[in-house]
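Before any comments, here is the structure.
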Amino acid sequence: LGEEGYGLTVAPQALQLRAAHRTGLLRGIQTIRQLLPAEALSGGAAGTGSWELPCVEITDVPDRPWRGAMLDVARRFQPIGYLRRYVDLLALHKLNVLHLHLTDDQGWRMPVDAYPRLISVGSRRARSQKGPTGPDGAHFDAVPHEGHYTKAELRGLVRYAAERGITVVPEIEMPGHVRAALAAYPELGNHPGRQLDVWTRWGVCDTILGVHEGVFDFCRAVLEEVMDVFPSPYVHIGGEECPTTEWEDSPAARERAAALGLADPAGLHGWFMGRIGAFLVERGRIPLGWVENGAELPPEFTVMTWRDGTHARAAARRGHQVIAAHHRATYLDYAQSTDPSEPVAQPGAPVPLHTVHGYEPAPHDWPEEERARVLGTQVQLWTEYARTPEEIEYLSFPRLCALADRSWSGGRGDWPGFVERLRQHTARLDALGVPYRPLDARSLATAGSASPAEGTARLHL
């Protein structure tokens with residue numbers, strides 16, 4: 001059964017749940033919750049009587065060990081109470097990783113004792129971009145956005161998630177996506193005398209960390225405090241979308257590149273990530289980073305491939321452990337359809353439900369050696385246009401259900417069967433108050449019919 005597998009027997013007179021590890025028992029408990037009538041999941045159902053379960057015999061083992069969800073709380077801060085609810089929703093769907101994107105150009109959300117201005121300055125921006133296009137006057141709101149967590153809150157979240165079989169993986173962006181940090185500590189940049197604000201726009205900012213030793217002192221100090229809060233084996237250090245123009249224009253960066261024997265300052269990116277990755281390895285952690293093409297991070301990194309479906313295989317061929325997260329199948333900040341009533345979303349074609357369910361992180365025509373290096377997959381929700389918990393959940397569901405179904409079950413997918421299961425599952429989402437996007441009639445029309453269960457068992461709550 002492995003770490004997360006379980007066996008479940010429901011007979012008319014007894015229920016038996018078996019697992020080799022505690023995590024497997026937790027996954028089995030979620031199956032029991034799903035076998036209950038949907039109303040048993042609602043907040044007022046505890047202690048209200050008894051429920052009937054269908055008699056079943058189940059042996060269930062996940063296809064891949066990494067089944068996650070990334071939530072961006074840097075661009076849009078969400079209170080810790082909501083993060084606990086989000087963990088509960090991940091647990092219900094047997095996902096096992098919450099990837100928490102804590103820092104970006106638009107905000108820094110975790111306190112670092114050695115650098116207090118990361119919160120006093122970096123956690124607040126003056127306004128926010130309202131949409132992807134438009135003249136500047138109408139392009140921004142006039143509402144300051146701020147928020148940060150305490151270390152006690154984050155430690156509590158880690159414990160809460162662990163009790164539900166979920167690992168919280170922190171992400172601290174570098175060497176790009178650091179405008180909030182540079183607003184707090186300009187000396188970390190390539191123009192130490194320039195005072196920046198926390199960025200109010202979306203997209204890719206061209207201000208990045210410098211490559212002098214003070215920067216590495218900063219990164220190490222931050223990560224030491226991150227590791228003290230988050231016991232996850234993995235620490236994500238970003239790495240994506242890092243324009244190198246500032247390095248190319250910086251005499252100090254050009255001098256550093258030449259001293260290292262690099263062809264040009266752009267080569268400093270791999271050197272920078274390798275140096276921080278080596279520090280994490282020394283501390284007993286596994287460095288995790290986004291990759292642009294599957295070939296730019298040192299071999300000790302586990303990589304998240306997002307730009308193109310071919311990059312996951314390129315990274316696996318190089319020997320990396322891979323989390324495949326192609327943006328055209330796993331980014332939930334894209335709209336769910338072309339319906340004009342959809343809320344404002346990330347520019348680009350929609351990512352519909354069937355695309356998420358059809359995503360194969362390790363296609364069956366790959367050599368088995370390469371497929372074995374794919375740890376799994378996860379959804380991403382960047383929050384430029386998802387301001388509230390309600391908007392987060394509308395964008396997440398039911399697409400998160402599709403990834404959860406496919407990443408646990410593997411195989412080539414059973415779209416009609418999934419749609420039938422999802423039609424039943426929406427009653428559970430209703431009971432939990434999830435404001436999911438309604439299912440399209442066309443999708444439901446492709447569903448098959450479920451086989452009735454034989455017999456029932458009674459469960460007392």
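Cβ atoms are placed via backbone N, Cα and C, with glycine included.
TrEMBL entries are annotated by machine, without manual review.
The active site, proton donor annotation in TrEMBL covers E241. In the three-state DSSP assignment, the secondary structure recorded for E241 (active site, proton donor) is coil. The Cβ neighbour count for E241 (active site, proton donor), using a 10 Å radius and every protein chain shown, is 16.
Sequence annotations record features per position, and here TrEMBL assigns domain 'Beta-hexosaminidase bacterial type N-terminal' to 1-60.
Look at TrEMBL and you will find 65-410 tagged as domain 'Glycoside hydrolase family 20 catalytic'.
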Stretch-averaged pLDDT - the domain 'Glycoside hydrolase family 20 catalytic' (65-410):
96
